Each structure stands twice: as structure tokens, then as C-alpha cells.
Amino acid sequence: MKKTDRKLTSRDFLYWGLALVPFIISIVFYSRLPEQVATHWGSDNQVNGYSSRNMAAFGIPAFMLLMAVIVNVIPVIDPKRENIRRSKELMAIVRWFIVLLAVMVQLVIVLSAVGISINVGSVVSVPIALLFVVIGNYLPKCRQNYTLGIKLPWTLADEENWTRTHRLAGYVWMIGGILMMILGFFHMEPLYFTVFLSMILIPGVYSYLIYRKKAGHKL
């Protein structure tokens, strides 16, 4: 019988240590948090949503920790997990981004709550845009699976469709991510979200057109 147990490495300890950092941040600043904490900001960088102190301090970190657990569990149960292993660099980027995003989000929430002025739009939007650039670089190498990539019925049913769609998506996400970084830095939120939607729609429509053509339908 093939042995599947894997020993924990220093990288694993670092990963889960980072996943717990948001809780540590909250504990350190808990006594200084108001009863109602700003947890949502509009495109104008103005607060438009609040949560209770306990929810902001521990509920949000708990949710992000759950996301970190899920992103580690799903590849194990994916029917095409062998392909995920071949896309391990992309999987690693997603895993680490989630825990780093959790730290960043908790810092923004807590520091804002204690009176430190932060431009939330730039702090959040620019790193997300950078993530799209990095992922776009790896998408063409991503093999067919149910966890990562553009998972549409026709990409999952046809490997050629998957490959062609992800090759295009790689270019679209890299170019779109660069545009999003520029727009996020200059607080041009409407255009930022327009580019974001285009990055989602263009590969999806392209994939559907490939499916229609292979199925013999007129475009």
C-alpha cells in the first residue's frame, strides 16, 4: 500500500501561523475597539457598514480561517486532484494569498477602528489586482480540474476547450490586472470594476463560442 502521510514542514507551520495572526491582532487591540466597528467601505472610501466588536474582532478572522481550511481540503477531494498537483504553483499562490489577505483585512479593520487613517480602496484593490496578474501568468499551465481555473460546463467536459480558454484567460487576466492596479491606485472604482467584469466575461464567452463551434452550431 502506498504511503500517503505527509509530514508537516516549516512552511506548513508558517502558513497556519499566519492564518492565526488576525486573531492575535484582534486580541492586542481588543480593549481599544468600539462597540460598533466599521467593516465595509464604499467606492468613495466612506464607511457604509458596521459589525459588533466581537464579530469584527473574531468573526471575520474565523471566516477567513475557514476559507484557508477549505482551500487546503478541496484539492484533496477533487476528482482530478492529480492535475492540481501538476498546478501546484498556482494552488500555492491561492493558498498563501488567502492567509495574507486575512492579515491585511484585519489590520485595515482594526487600525481604522482605533483611529488610524487608511485608504481602504487602495490597500485592498491593488493587491487583488496584483493577484490577477500573477494568476494570469500561471493559468495557461493549469490542467483541467474542479478547484482552480475557469470551471464552466464546457471547459470541464472538453480538455481542448479548457486549454484554449485558459490560454486566453492568462493574457486577459495579466493585462486586466495591470489596468486594475493603475485604476485602484488612482481610485477609479467604476472603471476598476468594469475591467474586473470584463476579465470574467471574456474567457467565459470565448469558451462558450468554442463549445458552440465544436457542437456544430452557427455562431
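Any Cβ shown, glycine's included, is placed from N, Cα and C.
TrEMBL annotations:
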TRANSMEM  12-33  transmembrane segment
DOMAIN    18-65  domain 'DUF1648'
TRANSMEM  53-74  transmembrane segment
TRANSMEM  94-114  transmembrane segment
TRANSMEM  120-139  transmembrane segment
TRANSMEM  168-186  transmembrane segment
TRANSMEM  192-211  transmembrane segment
Residues in the domain 'DUF1648' (18-65) per DSSP class, helix first, strand next, coil last, are 28 helix, 12 strand, 8 coil
Contact set of the transmembrane segment (94-114) with the rest of its chain, CB cutoff 8 A exclusive, min separation 6+ beyond the ends, reads 15, 18-19, 21-22, 25-26, 29, 32-34, 37-39, 56-57, 60-61, 64-65, 67-68, 71-72, 120, 123-124, 127, 131, 135, 148
Across the domain 'DUF1648' (18-65) the predicted model averages a pLDDT of 92
Residues outside the transmembrane segment (120-139) whose C-beta sits under 8 Å from one of its C-beta atoms, at least 6 past its ends, are 41, 43, 45, 87, 89-90, 93-94, 97, 100-101, 104-105, 108, 112, 149, 166-167, 169-181, 183-185, 187, 189, 192, 199
